[in-house]
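Q: First the structure, which I've put down as structure tokens, then a few questions once you've had a look.
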Amino acid sequence: MTLKIGIVGAGGRMGRNLITAVHNAEGVELGAAFERKGSSLVGADAGEVAGIGATGVKISDDLSQNTNFDVLIDFTRPEGTLEHIKFCVANGKKMVIGTTGFDDAGKQAIQAAAEQISIVFASNYSVGVNLVFKLLEKAAKVMGDYCDIEVIEAHHRHKVDAPSGTALSMGEHIAKTLGRDLKTHGVFAREGITGERKRDEIGFATIRAGDVVGEHSVWFADEGERVEIAHKALSRMTFANGAVRAAKWLNTKQNGLFDMTDVLDLNNL
């Protein structure tokens, strides 16, 4: 049976890539596409907006107008995603959430929703990035207590949150491995006379420029040597393909909160 996918933010950069990824994938089809109220794209064919030709799926501005989907993929903004979660819970729809920038209350709302529906919630849907998470845990075990750790990330000028959700996830993987709390050990800005760096800090640096899709590098810097673990995304299709893969994996789950570690079975490496 073909899995039907709904996409919110269908006219955005990520939305168009998601439509293309669904079109190219086996065992799935586009069932619904949505944009914000007032968008000039409402009523347009989603496939034509994405540049793949007509699909017969018209973009709507209201989830209740088209419930022809099993899984909703959401890469929008926290306030919108939280409303979409309410709809999916009420209508028994599964979700793949790639939105970043949630506060603690937003994350708690996602956890609560996962008691009723199945959700994959990840900061990054790239297979490579999720493999990097595991490599960072390995490096932290070996070097973390004896070196300085810095997370450096770069994204396009339109990204609205900083540090990126992926950078924060990298820091969280490292902090958890070292038994540290990122809220107290993370340093997110340095300016002026800061004093010497503390050994147990996990530093973050952010770059916003041009059309950078996404670059992340983590330094484990000791006296006389430095290990760098890096990932560069060259196309948003990397994230879109991963999200569709997550949606297909999620189809067999009735409820629960999962991430790409579960989808890729990385804990069994």
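Each Cβ is built from the backbone N, Cα and C atoms, and glycine gets one as well.
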Q: To which of GLU29, GLU35, GLU79 does Swiss-Prot also attribute binding of NAD(+) at the site defined by GLY9, ALA10, GLY11, GLY12, ARG13, MET14, GLY98, THR99, THR100, ALA122, SER123, ASN124, TYR125?
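A: Record check against Swiss-Prot: NAD(+) site with GLY9, ALA10, GLY11, GLY12, ARG13, MET14, GLY98, THR99, THR100, ALA122, SER123, ASN124, TYR125, extra candidate from GLU29, GLU35, GLU79 is GLU35.
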Q: On a C-alpha basis, identify the one among GLY9, GLY11, ALA122, GLY165 that is nearest to LYS159 (active site, proton donor); the candidates are the binding-site residues.
A: GLY165
Q: Checking the recorded positions ARG36, HIS155, HIS156, GLY165, THR166, which are within 10 Å of ASN124 (NAD(+) binding site) at the Cα level?
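A: Checking each Cα against ASN124 (NAD(+) binding site), the hits are GLY165, THR166.
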Q: Near HIS156 ((S)-2,3,4,5-tetrahydrodipicolinate binding site), how many other Cβ atoms are within 10 Å of its Cβ?
A: 13
Q: Rounded to a whole angstrom, what is the C-alpha distance between HIS156 ((S)-2,3,4,5-tetrahydrodipicolinate binding site) and GLU35 (NAD(+) binding site)?
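A: Rounded to the nearest whole number, the Cα-Cα distance is 22 Å.
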Q: Cα of GLY9 (NAD(+) binding site) to Cα of ARG36 (NADP(+) binding site): how many Å, rounded?
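A: About 7 Å separates the two Cα atoms.
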Q: Report the residues of the chain - excluding HIS156, GLY165, THR166 - with C-beta within 8 Å of the mean position of the site's C-beta atoms, for the recorded (S)-2,3,4,5-tetrahydrodipicolinate site, in sequence order.
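A: The surrounding set, listed in chain order, is THR100, SER123, ASN124, GLU153, HIS155, LYS159, ASP161, SER164, ALA167, GLY214.
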